[in-house]
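Before any comments, here is the structure.
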Amino acid sequence: MGNHVPAGFFTQANSLFRKNLTYQKRNIWSNVRLIVIPFYLCVLLVGIQVLFDTQVNNSADNRCGCRCIDKNGDGKCGQKSCGLQYSSQNQAFFCAFPNPPPLLPLLHIPRPETRSSDRDRDSCRQTGSCPVTILLTGNNHSLGTTISRNLLSTSFAMNSSDLFLRNLAYNVLGTTSKADYTNYLDPGILSDLPIFNVQPRCTPDTTTFSFPFRQSPLEFHKEVRCVEGLNLWRNNSIEISNEIFKGYRQGNLEEIINEVAAAYDLMDTDINNFNVTIWYNSTYKGDLRDRRVKYVRVPRSVNLVSNAYLEFLQGSGTKMLFDFVKEMPKQETRLRLEMASLIGPIFFTWVILLLFPVMLTSLVYEKQQHLRIIMKMHGLGDGPYWMITYAYFLAISIVYIICLMIFGSAIGLKFFRFNDYSIQFIFYFLCINLQISIAFLVSSAFSKIETASVAAYLYVFGSGLLGAFLFQFLLEGLSFPRSWIYIMELYPGFSLYRGLYEFSQYAFKRNLNGSGGMKWKDFNDSAMEEIFYIIIVEWFVALIAAYYTDKISSSGIDPFFFLKNQNPFKKSPSPYGLQRQVSAIAIEMEKLDVAHERVKVEQLMLETSTGHAIVCDNLKKVYPCRDGNPQKMAVRGLSLAVPSGECFGMLGPNGAGKTSFINMMTGLMKPTSGAAFVHGLDICKDMDIVYTSIGVCPQHDLLWETLTGREHLLFYGRLKNLKGSDLDQAVEESLKSVNLFRGGVADKPAGKYSGGMKRRLSVAISLIGSPKVVYMDEPSTGLDPASRRSLWTAIKRAKNHTAIILTTHSMEEAEFLCDRLGIFVDGRLQCVGNPKELKARYGGSYVLTMTTPSEHEKDVEMLVQDVSPNAKKIYHIAGTQKFEIPKEEVRISEVFQAVEKAKDNFRVFAWGLADTTLEDVFIKVARTAQASNVFS
C-alpha cells in the first residue's frame, strides 16, 4: 500500500546506505584490490631499496677504505685494516675520526683561467699570472682605502716549529678546490692542487715553498705558491653586483667567466661602527635539490675584513688569528640512503592521489548513466546523497591510508617509522577530505567517464612531476620569494607534496645522522603548520563550492546569477489556487478541443482544490541562442489537466517537444514561463516534495548491474517511505505484476536480465509505493507481444488511483492504455481526446485497397468514382491502389456490391475496406500542423 508521507532525511540516508552497502558487497574484490594497492607499491619500494643498497649503499666507494694485512694459506684475506690512510677522498667521509685533525681555514680563490682582472686578461691567463681580485665599496672612501690596504699581509711568516698552523694563520692562504660537506678532511689540502698564498706582491723568496702536514694517520708535504692579490674600489654596491653578474658565463655575450675571490660593502662603517656586507659564490654549495649542502669558504673572508678593521682601529700587528677549523669526533659510518625518503614526496603523492580518479569516475558514472537523477526523481534528496557518498569515500580513503601506514611501517620504511604517526594520520586525513571535496567540485564539469578519467590521471601524475621538478626546485632555491611558495601551495597537489617533502626531510636527516624525526615539538619549526591551515581552509571552501555548483548544475541556473538583476530561484509566476498571471501575448487560434482544455485549466487555476493530479497552465520552454543559432521554442504555451486515475498519452514526431515537457515536469529543467502543479505542488517551488509522490520510467533502463530486481525495488520502496511488512508486500506485488517473481528471477543480478526483463523492472520501479503521478517514456519498448500485454495489464491496474503521462510510438499501446491522447507538433498541442473521439473527428473516411492486373487500373479508378465522386487516390504501385473514401458519401454495403459486380468485368486479386486507424489520425494531424507552420 502507498505511504504518501515523504521520507525523512535519515530514512532517505538509510535507503541509500543499504543500497550502497549491498552494491559494495557485490564489488568486494574491487574494494580489496583498491585497498591493497599500497601494499604492492610499498613492496615495489622495498625492491628498489634492495637494489639501491646493493649498488650504492653497500658499494666499496661508500664506506671507509680497507686493506688486507694478513692472508690465509688459501690466499683469502684473514684480517683487514680500515682507516683514513687506506681511503680515497670519497671514502674518507665514512671513516672513524676519534680525533679529527685541525685544518687550515682557506679562502676560496678562482682558478687562474677564470680570474677577473683589470690587466691584459688574455695574456695573464695564458701564463697563469692573473691576480686574485677583491672588490670593495662603502660610504667612506678614505676608510675603505685603509681597510683595503690592511686586507693582505705584506710579510710572509713561516717556520718549522710545531706551531705551524698558528704560523700559517698569519698568511692569507687559499685554494681553488671547493669545500666538502664536512670539515673532517679538506679537499683543498688532500688534493694534488697547490695552496695559494695571497700577497700584495710576490717576491722570489715567497713564490713557492712547502710545509709538512702531520695529522695521524696522514703525513705528507703540501706545496704553497704565491699569488698576487689585487684590491679594487668601486663606487657603490650596484657596480659590484653588476660586475659579479657579468662575471658568470651567462651574464655576458662572450660567455667568459670573470670571477672575483671576495667582495665587501663597508656601508656606514666608521671608527665607532663596523657594518659590512660580504658577497660570496653560493653556487659552490652544490645542487640546490641535494639534501646535503656543501660548505662555502666564507669564514676566512669574514676574518680578513675583521682583521683589516682591527688594524685600522688598533694599528698594525693587531689580529684575530684564525688558526684552524675542526670537526667533532665521529665513529665509522656507512652510506644509509633510503629510497622512501629520497623519492618519497613524488612517490607517495602518486600513491595518495590514486584515490582521486576512483572517486571522480564514480561520481561522473552516476551522472553519465543518469543514476543520480533517477534516484532524485524517486525522492532521494541532495543532502542524504552527499552525506552517504561522502561517508563512503571517506571510509574507503581512511582504510586505504591506514593500510599504507601499516604496510610501510611493517616492511621497515623509515619514511613512516621515523615520523610521528599522529601527525601523519592527521595530515593524511585532511588531505583525503580535501581530495573528496575537489572530486565533488570538479565532477560537475564532466559528463563522460573517459574524459573525467583522463583529466584525473593527468592531475595525479602531473602533480607529482611538477612537485618534484618545479615546486621542490623553487622551494629549495634561496632566491625564490617565500610568498610565492605560499601561493603555489594553494594548489592541492603542491600542498600535499610539501607535507610529504617535510616528512621525507625529517626521516632522511634522522637516518643520516641520527637526529629525531618529525614530532609535535617540531611542528611549528617545519612548514606543516602552514600546510595544515591551507588544507583546512581549502577543504571547507571546496566543499561549499562543490555543493553550490551541484545545486546550480542540477537546477539549470546560470552559475553567475548573482551578477545579474534577477533572482535565479524565482518561483512560478502563478501559484496554484491563487491569482493567475495573464499572458501579455495573444493566444493564437486553436482547435476547439485544445481551446476547451485551456479554458478548463483556467477554471482549475481559480479553484482552491481539485481532483486533478497534474495541471499545466500556459507552460513554455525556450532554449536560448547558442553558437549563432536562433532561440528554439520547444514548448509553446501548453495547457493541460490530467485527473487522478487517468492515463494521458502523448503522441508526436521527434522534436515535437514531448521530451522537453517531461523534463520540465520531472525537474530536469526549469520552465521559461507558465506554471505546472502536481497535486497542488508547484514544480518550481516544491520539486523536492513532488519527487516523493511521483514515479518515473525513463526511456532507457537505469539500473545497477550487480543489484537484483528485488534489491532495486527495496531501495526505491524505502525512498517512498515504505517500511517493514508494507515494504516486503509492495516489493512482492510489484515483482508479480511484471512477471519477475517466479523461478528466482527476482534474486538474479539485473546485469543478467534480458532487455525485456529490464524494461519490466523499470516499470515496476516507477509504480512501487503507489505514487500519485507516474511518467512513462515508451514503457513497452523491446518487449515481445506476450510480455507487452502482461505489462499493459499491470499499468492499467495501477492507474486506478494514479495519474499517468505516457509517451509512445505504438498506436496499439496508446489505444489500450490511454484514456485520452494528445498529439504534439512543433511544441503545440494540436488535439486532445480519447482514441475513439479522435478517430471519429479526424478519420471521416474509409480506405479501399484493391489489387488487379495493371491493364485494369483505369477500371478500378472508374469503379471508385462511381461509388464516391470525392474519393482520393493515396497509393499506387504495380496494380495495387489505395483510395480514401469519405464516409458521408458511401455506405459499406454499397462498396461490397460494387466490388462484386466489378469482378464480373475484370480480375480482382485482392481487395479490402478499412476504417481509419489511430496511426492515420496521427499522420494526418501531424502533416496538417506542419503544413500550417510552414505557411504561417
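Every residue number used here counts from 1 along the chain in the order it is shown.
Glycine too: its Cβ is placed from the backbone N, Cα and C atoms.
Feature list (source: Swiss-Prot):
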| type | residues | note |
| --- | --- | --- |
| TRANSMEM | 34-54 | transmembrane segment |
| TRANSMEM | 340-360 | transmembrane segment |
| TRANSMEM | 393-413 | transmembrane segment |
| TRANSMEM | 422-442 | transmembrane segment |
| TRANSMEM | 454-474 | transmembrane segment |
| TRANSMEM | 484-501 | transmembrane segment |
| TRANSMEM | 527-547 | transmembrane segment |
| DOMAIN | 614-851 | domain 'ABC transporter' |
| BINDING | GLY652, PRO653, ASN654, GLY655, ALA656, GLY657, LYS658, THR659 | ATP binding site |
When you tally the Cβ atoms that lie within 10 Å of each candidate's Cβ, which of the binding-site residues (PRO653, GLY655, GLY657) has the highest tally?
GLY657
Overall pLDDT for the domain 'ABC transporter' (614-851), taken as the rounded mean:
89
Using a 10 Å radius around its CB, how many other CB atoms surround ASN654 (ATP binding site)?
7
Whose Cβ lies within 8 Å of the mean position of the Cβ atoms of GLY652, PRO653, ASN654, GLY655, ALA656, GLY657, LYS658, THR659, the ATP site, other than those residues?
PHE824, VAL825
Measuring CB to CB from THR659 (ATP binding site), give everything in the same chain under 8 Å that is also at least six residues away in sequence.
ASP777, THR807
Does the structure show the transmembrane segment (454-474) and the transmembrane segment (484-501) touching, where I'm treating 3 or more Cβ pairs under 8 angstroms (sequence separation 6 or more) as a contact?
yes
Interface check, the transmembrane segment (484-501) with the transmembrane segment (340-360), three or more C-beta pairs under 8 A:
yes
The transmembrane segment (527-547) touching the transmembrane segment (393-413) per 3+ Cβ pairs under 8 Å rule:
no
Restricting to the chain of GLY652 (ATP binding site) and a gap of 6 or more, list residues whose Cβ falls under 8 Å of its Cβ, or answer none.
LYS658, ILE823, PHE824, VAL825, ALA926
So, do the transmembrane segment (340-360) and the transmembrane segment (34-54) meet, by the test of 3 or more Cβ pairs under 8 Å (sequence gap 6 or more)?
yes
Look at the binding-site residues ALA656, LYS658 and tell me which residue has the greatest number of other C-beta atoms within 10 angstroms of its C-beta.
ALA656
